[in-house]
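J.: One structure, as structure tokens, below. Some questions next.
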Amino acid sequence: MQIFVKTLTGKTITLEVEPSDTIENVKGKIQEKEGIPPDQQRLIFAGKQLEDGRTLSDYNIQKESTLHLVLRLRGGMQIFVKTLTGKTITLEVEPSDTIENVKAKIQDKEGIPPDQQRLIFAGKQLEDGRTLSDYNIQKESTLHLVLRLRGGMQIFVKTLTGKTITLEVEPSDTIENVKAKIQDKEGIPPDQQRLIFAGKQLEDGRTLSDYNIQKESTLHLVLRLRGGMQIFVKTLTGKTITLEVEPSDTIENVKAKIQDKEGIPPDQQRLIFAGKQLEDGRTLSDYNIQKESTLHLVLRLRGGMQIFVKTLTGKTITLEVEPSDTIENVKAKIQDKEGIPPDQQRLIFAGKQLEDGRTLSDYNIQKESTLHLVLRLRGGMQIFVKTLTGKTITLEVEPSDTIENVKAKIQDKEGIPPDQQRLIFAGKQLEDGRTLSDYNIQKESTLHLVLRLRGGMQIFVKTLTGKTITLEVEPSDTIENVKAKIQDKEGIPPDQQRLIFAGKQLEDGRTLSDYNIQKESTLHLVLRLRGGF
């Protein structure tokens, strides 16, 4: 029968073959025709690299099938795979091999089915659809092979008494199933169980995989007491204390209960709920603190500490503060010393602008730290926007303005609808939800305004099944936007999509015009297999 072999240059070779020919034989025929040594040939069919010892019929290659020929750079490379038993396997690979190919090579050597293999490199689990070069795996790198146990995984459940229970589960188990397993082991009725993971209470109808709970994750079990009410107090060390309270208890009473449990004097306790510091004379119900609410406990250090504030003129001010002081409090102290109104002050620490409602300890500002004080000019700052026609527009803005706000100001001045505006700064397209300060756009910076043409253009996306999708796009659309349009049409999540054009994988942050993708170009869509557990 005849088959075709297509090279990366676009040339197609026709070969006479038998279904019983090995891949090695086929490479020999290609060498006769094209002079390419077999050890430099890699043959791909249906997205899989073909192995020398297998036959065409093994791969279901039939008459007039097309194989793709990719040249190996001479020599390839060796990598090592270390198993949990300590055994090390050596593999011959190419940087362009997918993780799937590597698992197939491990199966050939060790007989372990790919679906039981998990490969780890640099602490990351490797996904089947990615290549070794995607993960920067180079010659003589060592991967770690962990076996998945068939039929599920173990997780741990830790109770408030400190006891840890081990459960056998599946990623597809619901939280309800998990509570039933806990009842089997511990006799606690499900309606008295609350399960917490990553600070979130888990809902009965959801599955473990919905919450990204993987093998050997630890859940926390909190019991609901019938009647009365429990609240939780979380300390900065991460410890959680459970208290029995009444809605009519004052904050003072609550601090006394914390003192009983933890020995911390009330005058060193600050309690925070919903971002607010709680006042001693108020009650829990005043703050709408209900059963199972979590308060945060911050300790006041006795006697405070000193910090320094450096102004742009070079002057340094010394302030007496507490770690629990808010940035607002600090600005008030600066006003007392220097007469500068708080709304004209911007405080910077470790390159970050500090927000009024946060505390010094939130930013890990410790004794003798130095903050930098920058004055806001009343009425913000000016920036310039340059259009492609060469016209320059001046705008009054604040560093905290979003790109969306800026586009609205341009619309006010120039009448250009925001959805036709693309703003560029330092070579980057600016995203609507970000602020000027996120992009370090300062006074008298110049942005460039590029107009999106209405009407756009059509491109085609071809899937591995051969289906072709038509999309309406703009040259200024990012690859991320294109993946979102594919999701709208086909329901494929963007993180499972890889788009290829002219042999290159396209990166999310780039635009179609960056890749010179023009109207009626065809992109190829390859699906990433999910990594799973």
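Any Cβ shown, glycine's included, is placed from N, Cα and C.
Okay, these came from Swiss-Prot:
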CROSSLNK  LYS6  ubiquitin cross-link
CROSSLNK  LYS11  ubiquitin cross-link
CROSSLNK  LYS27  ubiquitin cross-link
CROSSLNK  LYS29  ubiquitin cross-link
CROSSLNK  LYS33  ubiquitin cross-link
CROSSLNK  LYS48  ubiquitin cross-link
CROSSLNK  LYS63  ubiquitin cross-link
DOMAIN    1-76  domain 'Ubiquitin-like 1'
DOMAIN    77-152  domain 'Ubiquitin-like 2'
DOMAIN    153-228  domain 'Ubiquitin-like 3'
DOMAIN    229-304  domain 'Ubiquitin-like 4'
DOMAIN    305-380  domain 'Ubiquitin-like 5'
DOMAIN    381-456  domain 'Ubiquitin-like 6'
DOMAIN    457-532  domain 'Ubiquitin-like 7'
MOD_RES   SER65  phosphoserine
MOD_RES   GLY76  ADP-ribosylglycine
SITE      ARG54  site 'Interacts with activating enzyme'
SITE      HIS68  site 'Essential for function'
SITE      ARG72  site 'Interacts with activating enzyme'
J.: Helix, strand or coil for LYS27 (ubiquitin cross-link)? Use DSSP.
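T.: Its secondary structure by DSSP: helix.
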J.: Other than its own, how many Cβ atoms are within 10 Å of the Cβ belonging to LYS27 (ubiquitin cross-link)?
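T.: Result for LYS27 (ubiquitin cross-link): 22 other Cβ atoms within 10 Å.
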J.: What are the non-local neighbours of LYS6 (ubiquitin cross-link), defined as same-chain residues 6+ apart in sequence with CB under 8 A from its CB?
T.: THR12, ILE13, THR66, LEU67, HIS68, LEU69
J.: Counting across all protein chains shown, how many other Cβ atoms sit within 10 Å of the Cβ of LYS29 (ubiquitin cross-link)?
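T.: The answer is 17 other Cβ atoms.
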J.: Cα distance, the residue listed as 'phosphoserine' to LYS48 (ubiquitin cross-link), nearest Å?
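T.: Counting only the Cα atoms, the answer is 14 Å.
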J.: Cα distance, LYS11 (ubiquitin cross-link) to SER65 (phosphoserine), nearest Å?
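T.: Rounded to the nearest whole number, the Cα-Cα distance is 15 Å.
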J.: Please figure out which one of 305-380, 381-456, 457-532 racks up the most CB pairs under 8 Å against the domain 'Ubiquitin-like 2' (77-152).
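T.: It is 457-532 that shares the most Cβ pairs under 8 Å with the domain 'Ubiquitin-like 2' (77-152).
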J.: Of the listed stretches 153-228, 305-380, 381-456, 457-532, which one has the most C-beta pairs under 8 A with the domain 'Ubiquitin-like 1' (1-76)?
T.: 457-532
J.: Check the recorded positions LYS11, LYS33, ARG54, LYS63, HIS68 for other C-beta atoms within 10 angstroms of each C-beta and report the one with the most.
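T.: Result for the most crowded candidate: HIS68.
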